[in-house]
Amino acid sequence: MYAENDTIVAIATPPGKGGVGVVRVSGPKARAIAHEVLGYDPKPRHAHYSPFFNEEGDTLDSGIALLFIAPNSFTGEDVVEFQGHGGPVVLDILVKRIVSLGARLARPGEFSERAFMNDKLDLVQAEAIADLIEATSEQAAHSAMRSLQGQFSKEIENLIESLIQLRIYVEAAIDFPEEEIDFLSDGKVLNDLDTLLSQTQSVFASAKQGALMREGMTVVIAGRPNAGKSSLLNALAGRESAIVTEIEGTTRDVLREHIHIDGMPLHIVDTAGLRDSDDVVEKIGIERAWKEIDQADRILFLVDATQTNEVSPERIWPEFYARIEHHDHITVVRNKIDLSEEAQGIDLSLSHPVIRLSAKAGNGIDVLREHLKACVGFESHAEGGFMARRRHLEALTVAEKHIQLAKQQLLSANAGELVAEDLRVAQNALSEITGAFTSDDLLGRIFSSFCIGK
């Protein structure tokens with residue numbers, strides 16, 4: 001275990017060579033370390049160009065030093081940043097010098113963790129820092145910045161405040177039992193519960209869009225050999241990612257592509273043709289293909305339109321259909337319509353969606369892209385969204401469930417104690433999102449996924 005009031009140091013810029021490298025120090029010894037490295041006490045919040053000295057007074061490097069005094073810093077502690085040349089060796093030398101002066105190497109995410117512990121930002125904002133760094137599209141970067149600025153946190157805090165006010169009202173009825181029936185049957189509690197449900201569902205819908213922006217969806221292209229799976233992968237990716245030949249079994253392993261559809265990450269997996277094979281390498285690829293299919297958000301069941309007019313996967317390939325656990329994840333894709341002379345488009349009236357396209361000619365690819373967005377409810381034109389994570393959705397789901405339970409308790413039993421308890425559980429679930437009510441284990445998992453120096 002580390003002391004909570006010790007001083008930490010880390011390189012804050014990415015590994016490798018660059019024009020500038022930043023070493024960040026935070027903790028009670030930051031000012032003393034700055035004095036030893038610079039040879040003088042820097043003025044807070046001013047940029048000082050200076051040599052960086054070792055213990056013998058020799059120059060290690062030169063650059064800019066910035067000192068921030070607690071609580072007016074990112075971490076809420078004394079912080080000093082040394083901005084020198086971006087070579088890994090010279091940065092390591094500077095870090096060793098700072099460690100010799102009483103600092104220790106920071107854990108991944110420890111600077112952000114200290115900012116959270118010192119109330120400089122909440123847990124959603126801390127996560128947004130990592131999401132901003134990892135953003136893979138402009139839309140994702142904008143959404144992460146809105147979360148960092150507190151937009152998502154404000155939505156959650158408003159829900160929590162409404163829950164608190166309703167709990168106060170209900171618990172007042174419990175404290176004055178002779179008034180309880182009047183309190184709980186006057187319509188206010190029911191109306192407030194309905195309002196809370198509506199607000200929670202609205203925040204969940206926005207958070208779901210943010211989670212899709214961050215995590216995207218995984219789509220597996222599956223089917224018999226030579227149905228055109230690799231051609232479809234290339235068409236969706238917009239480049240030649242997979243080898244396409246007329247020879248069955250060309251794809252022997254799982255191929256992956258990562259693209260964006262209007263800002264939503266799409267993880268495309270092209271599987272080996274599913275068939276019985278004596279080839280050892282191909283058999284391994286087929287087993288991997290089944291694992292990917294089991295984990296997919298959507299399965300594109302590719303059919304060669306020149307071989308059959310059937311659209312039911314259960315009839316086309318009964319063995320494949322029987323092995324699939326989530327039949328509602330299947331979309332039938334009739335490929336090669338340029339040869340079968342079918343019209344491109346989508347049919348949603350059947351047991352499974354059916355899309356007719358030509359991967360080789362590119363006809364119907366836009367229809368497929370729009371269908372994939374619709375499958376997960378992604379709204380590409382939604383404005384002002386914020387970034388969210390799976391754990392946020394889970395917490396909102398728990399909160400909504402217990403608000404629903406509170407409503408049921410009110411209507412069925414008029415039981416104030418049970419209503420108040422469900423409201424308390426809902427409040428705690430929402431408080432986990434911002435970190436106001438969070439286990440140390442969860443904090444450890446979140447911050448350990450951050451970069452060192454953040």
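Glycine is treated like the rest: Cβ placed from N, Cα and C.
The (6S)-5-formyl-5,6,7,8-tetrahydrofolate binding site annotation in Swiss-Prot covers R24, E81, K120, K454. Annotation comment: Swiss-Prot describes N226, T245, I247, T250 as K(+) binding site, evidence class sequence analysis. Look at Swiss-Prot and you will find 226-231, 245-251, 270-273 tagged as GTP binding site, backed by sequence analysis. The Mg(2+) binding site annotation in Swiss-Prot covers S230, T251 and is backed by sequence analysis. Annotated domain 'TrmE-type G' per Swiss-Prot: 216-377, in sequence order.
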Fewest other Cβ within 10 angstroms of its own Cβ, chosen from the binding-site residues R24, K120, K229: K120
Among N226, S230, the most crowded of the binding-site residues [Cβ within 10 Å]: S230
For E81 ((6S)-5-formyl-5,6,7,8-tetrahydrofolate binding site): intrachain residues, at least 6 apart, with Cβ closer than 8 Å: A12, V22, V23, R24, V25, A65, L66
K120 ((6S)-5-formyl-5,6,7,8-tetrahydrofolate binding site) versus N226 (K(+) binding site) - Cα distance in angstrom: 57
For N226 (K(+) binding site): DSSP state (helix, strand, coil): coil
C-alpha spacing of K120 ((6S)-5-formyl-5,6,7,8-tetrahydrofolate binding site) relative to S230 (Mg(2+) binding site), in angstrom: 49
Rounded distance in angstrom between the Cα atoms of K229 (GTP binding site) and K120 ((6S)-5-formyl-5,6,7,8-tetrahydrofolate binding site): 50
